[in-house]
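> Sending over a structure as structure tokens; questions will come in a sec.
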Amino acid sequence: MEETERETTEYVPCSGNDESTSLCEKAIQEETANDGHCKHLNSSKWIRTQKSIEDKYPYTCKDESSCCSKHMRSVALCTNTTGKDAVFKFLPIVNVIRKYKFRQYFVGDLLSGISAACLHFPQGMAFGISSSLAPAYGLYTSFFPVILYMIFGTSPHTSFGTNAVIALSTAELVSVETFTGRSIALPNISSETNTTYALTTDEILLYKASVAAASSFFAGIMLFLLGVFRLGIVTTYLSASFIGGFTTGAAFHIFTSQIQTALGLQIPLVKGIGKIVFTYIAIFEKISSVNIASFIMVLTCAIILILVKDVINEKFRSKLKVPIPIDLIVIIFATIVSHFGNVRDKFGVKIVGQIPTGIPVPSIPELSIFSSIIGKSAEIAALIFFITISLAKLMAVKHNYEIDDNQELIAYGLANIGSSFFGCFASCGAPPRAMILNDLNAKTTLNAVFSILIILFILLFIGPLLTSLPVPVLAVIVMVAVKGLLAQILDLPSIWRTNRYDFVTWVVTCSITILTDLPYGLLCGIICSLFVVVLQSQIARSYNVIKASEEGIFLSPDKHTGLVDDPEIKIFRMNYSLYYATSELFQKKLYRKVADPRMKIATLHRSSLGEKAIGSKQGSDDLSNKKTNVDPVSPKFKNLYNTNADRYGEFVKVEFEEDMRNRSMLRIIILDCRYVNFMDIKGANTLKSIVSEYKKVNIKMLLSGCPPFMIKMLEKSDCFNVISRDEVFFDLEDSYAAAQMILEKENKAKE
């Protein structure tokens with residue numbers, strides 16, 4: 001029969017002063033027996049306390065404040081090297097140009113840049129109308145922010161420019177400000193006016209544009225300051241479920257906002273909570289007024305767009321070097337049909353109208369309305385940040401590169417600040433363009449050069465040719481563009497099976513976004529995400545573990561069989577951080593699963609009175625069959641028992657007595673702290689209180705695997721006044737061996 005080796009380890013107390021012997025182990029193994037099946041190996045191993053490890057391998061920086069000050073000095077120190085690096089960091093385009101590999105990068109950048117421009121053009125005009133301005137302003141926003149992001153941005157797959165969510169938020173802002181503004185005298189405008197195409201005079205349009213530009217300026221200032229003060233770390237708290245729920249809800253808002261334009265309806269302006277519900281009510285009330293020509297045009301374009309995007313481009317992706325730019329093709333053919341068919345005069349279909357050529361003259365935004373638009377501008381800034389950074393991070397993970405969150409914030413800010421002087425409304429990244437750059441393998445941010453050149457050509461020469469473009473066609477392009485975001489709802493079954501907390505976050509965020517409005521959905525989604533994190537820390541599992549026989553591993557008896565429990569030593573593993581929100585929960589779970597020292601005090605008190613069980617009036621068969629005549633148990637201990645009775649559940653008498661007998665044998669508790677990621681002063685004080693309570697009933701507590709920050713917090717909170725540093729061990733095996741030695745020493749002393 002093949003022999004196997006089994007190792008038994010003899011533990012030896014660690015001597016931190018013995019420099020000649022390794023703290024890790026006494027590395028001599030010798031064969032002691034051979035029973036025909038196993039070779040038993042004996043080895044001796046030092047018991048390693050945390051202090052002994054720290055003494056042998058000191059920390060490089062024990063004082064956190066000095067480490068922090070050194071870091072701050074290194075950042076503030078302006079040497080030639082750091083100054084040069086700072087310039088390259090602030091202007092990433094410089095490094096991109098310096099390290100550009102023409103043969104490897106050019107084709108990918110060329111194809112992706114041209115394809116992105118084919119989306120910039122139709123979406124720019126569509127979102128220009130959606131923002132309550134004009135198509136030309138959408139084209140401006142597809143040009144100037146792209147230049148600035150190319151210079152300051154770090155993600156090659158982020159295509160800055162128009163965005164449906166931002167256009168919708170801008171429309172709300174300029175509509176409200178236009179009707180309440182006092183800078184110009186506005187004519188009476190019917191509430192029946194379609195807010196996505198309500199341009200009655202050039203004066204009103206110019207004022208709307210100045211309001212939108214001012215909002216872009218203020219939003220850019222906020223984003224820039226966030227980047228300067230290095231607050232990009234907040235992106236860490238954006239969960240995938242929150243982003244998915246919010247973007248789906250936002251897509252629903254965008255889709256709804258285009259229905260009235262696509263069908264040629266005139267409905268009242270709806271704002272505030274529940275606006276989607278009221279919008280659909282208004283649409284159904286006027287469903288009989290649908291423009292049939294617009295409906296047929298929209299239906300035809302939708303079928304063509306979906307067929308080409310989801311069937312042809314997807315099925316033949318490997319054979320097509322560039323996806324078919326169906327949005328651009330649809331615009332060209334729709335313009336031709338509209339022009340020669342005269343659909344505006346014959347069927348009442350709205351058209352884009354005159355698009356001015358050239359680049360606008362820079363002007364200062366309307367800054368005097370700061371107080372009235374700052375709130376909405378902050379909301380728009382938050383939307384820009386959350387949408388764009390989530391796309392950038394998604395692409396960074398997919399293509400295995402890193403982005404600088406703070407530099408991205410600076411880029412978003414400067415793109416909006418600079419473009420606001422050219423009449424642009426707030427700009428943002430967009431999922432459709434990001435996916436195009438992803439599919440065509442964009443290599444660097446220089447892919448934007450080709451998009452910029454094409455949009456510039458359109459602004460200078462092509463604009464007048466698009467006068468007859470039907471507005472419903474632009475609306476259906478937007479509706480199809482957000483189809484992918486709406487389809488995220490199909491991921492819900494998978495999310496439910498994977499993690500139900502993520503499912504709740506997704507559903508809550510999406511539902512509130514749809515039923516109320518974008519800012520409420522954003523706020524509630526963030527609150528829900530944080531609440532779920534706290535809730536998961538509150539209900540994280542903590543349990544007892546038992547040392548497996550002849551193995552250096554520790555397993556939970558709830559999940560494994562064949563484990564032999566030691567009634568004198570209990571090991572409790574906590575799988576969460578110890579802070580103000582979990583400290584009481586930790587104490588309750590420890591007392592319930594291991595032993596409640598207050599219960600033991602109560603039991604000892606009854607024992608001194610002659611009672612054998614808490615709240616019992618009749619003695620045990622093992623001790624007496626007669627009722628005791630001693631004084632009743634004090635109300636204090638009765639209340640203590642009643643409180644804990646609910647916690648332990650309903651036990652039959654024999655089971656309860658056996659459980660209490662096992663608990664009464666307990667002498668040492670080992671607390672496994674390896675999974676503690678954070679501890680505050682409340683958690684440290686709770687731990688100190690627990691150790692003190694166990695000491696009162698002669699139960700010793702040992703700590704195992706404490707991270708360095710936990711040791712530091714225990715020192716600051718004077719926890720080592722109630723527990724010795726020699727009772728804090730390096731790992732669970734060391735602490736268990738120490739507990740066995742302590743019991744052996746105490747037993748010998750009793751003999």
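Glycine residues also receive a Cβ, built from the backbone N, Cα and C atoms like all the rest.
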> With TrEMBL as the source, which of 87-104, 105-122 is set down as transmembrane segment?
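Among 87-104, 105-122, the range TrEMBL annotates as transmembrane segment is 105-122.
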> Cβ under 8 Å to the transmembrane segment (380-397), counting only same-chain residues 6 or more beyond its ends: which ones?
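Tertiary neighbours of the transmembrane segment (380-397) are 154-155, 157-158, 160, 163, 165-166, 169-170, 173, 215, 218-220, 222-223, 226, 232, 235, 238, 243, 246-247, 250, 403, 405, 408-409, 412, 416, 426-429, 431, 434, 437-438, 518-519, 522.
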> Quickly jot the same-chain residues contacting the transmembrane segment (289-308) by Cβ under 8 Å, restricted to those at least six beyond its ends, or write none.
262-266, 324, 326-327, 330, 334, 343, 346-350, 470, 472-473, 475-477, 479-480, 483
> The transmembrane segment (262-283): which same-chain residues, six or more beyond its ends, come within Cβ distance under 8 Å?
172, 175-176, 191-195, 252-253, 256, 289-291, 293-295, 298, 348-350, 472, 475-476, 479, 514-517, 520
> Compare 134-152, 205-229, 235-255, 320-340 by their Cβ pairs under 8 Å to the transmembrane segment (409-432) and return the stretch that comes out on top.
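Result: 205-229.
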> Taking the transmembrane segment (320-340) as reference, which of 105-122, 134-152, 444-462, 506-535 has the most Cβ pairs under 8 angstroms?
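Counting Cβ pairs under 8 Å, the winner is 105-122.
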> Hey, would you say the transmembrane segment (235-255) packs against the transmembrane segment (506-535), going by three or more CB pairs under 8 A that are 6+ residues apart?
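Yes, the stretches contact each other.
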> Thinking of Cβ pairs under 8 Å, which stretch from 105-122, 444-462, 506-535 has the most of them with the transmembrane segment (134-152)?
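The stretch with the most close Cβ contacts to the transmembrane segment (134-152) is 444-462.
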> Using a Cβ-Cβ cut-off of under 8 Å, list the residues of the same chain that are 6+ residues beyond the ends of the transmembrane segment (506-535) and lie near it.
165, 168-169, 237-239, 241-242, 244-246, 248-250, 252-253, 272-277, 379, 382-383, 386, 489, 492, 495, 581
